[in-house]
Every structure is written in C-alpha cells, then in structure tokens.
C-alpha cells in the first residue's frame with residue numbers, strides 16, 4: 001500500500017506493544033514516551049517508525065478491525081473479536097447476503113458484518129435506544145470514512161418494528177433474545193440462520209425453547225475461550241490472564257416449508273396447560289428492502 005495520508009488512522013505502537021490510534025494531522029501527539037509530530041507520519045509506509053522527544057520509537061501501522069474494535073468509543077459491552085469471528089463463520093456471513101441485526105450497541109459487530117456482506121449484500125440494524133444508534137453510526141463512519149450505502153440503521157424495537165424483508169441471516173444481541181425469536185421468525189428465509197448472543201446459560205435455555213416453538217432446528221450453543229501465550233526462544237507458557245467466558249453463541253436454522261407447513265411439531269404440543277399464548281406478529285406496511 002501507499003504511504004499514510006492526512007486524515008487517515010494510524011496505530012502508533014511502542015516497542016513493548018503499547019499502542020495509540022490517532023488521526024494523521026498537523027498536531028503533535030504526546031504520551032509518557034514523549035512527543036511526536038503527526039505530520040511526520042505523512043508519506044511514510046507501514047512498519048516505519050518515528051522517534052519521540054524522549055528517544056523512544058513508535059512504529060506506524062494501519063489499525064486492523066480488531067484494533068479499531070478495542071479502541072472505539074463505547075457505551076455498552078462490546079462483542080469481542082474472538083466471538084465476532086465465530087459469528088461470521090458459523091453464521092455463514094458472506095458477500096451478497098442480507099443480514100438483520102437486532103441490538104447494534106456501539107457498532108463493533110456491525111463493522112464486521114458490513115465488511116463481510118460487501119456492497120452486494122445488505123445489513124439492516126435495529127436498535128431500540130437512540131443514543132446507542134447514534135454512537136454506532138459515528139463509529140461506523142469513523143471506520144469506513146463514510147456511511148456505507150448497504151447499511152440501514154433503524155431506531156425501534158425488533159419485537160414491534162414493521163419491516164418488509166426476508167433476511168438470509170438474523171443476529172440477536174439483546175438482553176432478552178427469547179422475546180424476539182417469534183417476531184424475527186417472520187423476517188428470515190426458510191433455510192436461513194439465526195445467531196443469538198447471551199452472557200448466561202439461563203438466557204440460552206429460554207431462547208432455545210422459543211427457537212423450538214418457532215420453527216428452528218439444528219440448534220447449537222457454544223462458548224469460546226481465548227488464552228494468549230508468552231513465547232520466546234527460552235520459554236513458552238500461558239499468559240497470567242486470559243479472555244475466558246464472554247458469552248454463549250447459539251446458532252439455529254429456520255426449517256424448510258413443505259406443502260404450506262413447517263416440518264417441526266405443532267406449537268400446541270410444546271405448551272403446557274395455562275401457559276402464555278404464543279407471540280403473534282402481524283406484518284403491516286413497512287420499509288421495503290431489496
């Protein structure tokens with residue numbers, strides 16, 4: 001790639017791995033290692049370094065998506081890159097698919113989804129809280145340099161929002177995802193995949209029940225634990241701390257319709273006497289997404 005240009009993000013990284021993500025401007029940048037002039041970054045290539053006023057070296061890199069996620073402005077707990085990677089793979093998020101996301105938070109997952117579906121796909125994000133939607137929108141614009149045309153951000157509740165969309169994938173990152181399963185089942189194609197994230201297993205169990213009641217099969221739940229290692233020529237041992245449990249990921253497939261019926265047991269077979277009525281979701285006029 002060519003050298004850094006004004007306005008671009010640069011990751012200033014010390015020899016011990018401490019890093020700062022800043023814009024390339026005419027302003028100075030100061031840290032405990034000293035001061036550098038960011039205008040000196042212009043034209044330099046990745047991997048080059050600047051010397052600070054205290055004689056320390058700061059290496060220049062373009063931030064990766066993981067770098068950006070860890071350093072983005074947030075008001076919510078972010079989804080860790082280890083979980084985002086699993087969502088992309090097990091959710092089969094690929095160029096050209098339409099993804100419906102409920103619960104955008106600070107936008108960490110949305111960044112990966114927007115990049116994964118590409119210009120031929122579409123991401124529709126539904127967020128109930130307007131302050132989260134605004135923050136996520138700013139983070140997305142900061143990362144891409146613009147608001148991607150293939151991303152729609154809707155402020156509303158996924159349980160009541162009116163949409164005309166048949167998504168290939170649905171992703172739920174909600175405090176009570178089981179409440180959203182019935183409504184979103186109307187928005188997902190048969191054969192499509194639903195991915196839900198939950199911090200505790202009680203939420204997973206409630207979500208599992210709703211998935212079974214609303215025509216989903218092949219339901220699988222897992223968690224990922226990431227442990228870094230200290231490795232050099234003389235030693236190899238695990239780091240003292242690790243990113244262990246950050247959440248459960250549940251993946252389910254919407255079953256195929258045949259002769260106008262779902263090929264799973266009828267809802268009544270699962271409901272105990274006196275149990276609540278199943279969620280009913282109408283589909284009035286709504287935004288029409290291609």
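Note that Cβ sites are derived from N, Cα and C of the backbone, with glycine treated the same way.
Heads up, TrEMBL stuff is auto-annotated, nobody curated it.
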Next on the checklist: Given that TrEMBL assigns 106, 107, 108, 109, 127, 157 to the S-adenosyl-L-methionine site, pick the one from 92, 168, 173 that the record assigns to that site as well.
Outcome noted: 173
Checklist entry - Out of 127, 157, which of the binding-site residues has the smallest number of neighbouring Cβ atoms within 10 Å? => result 157
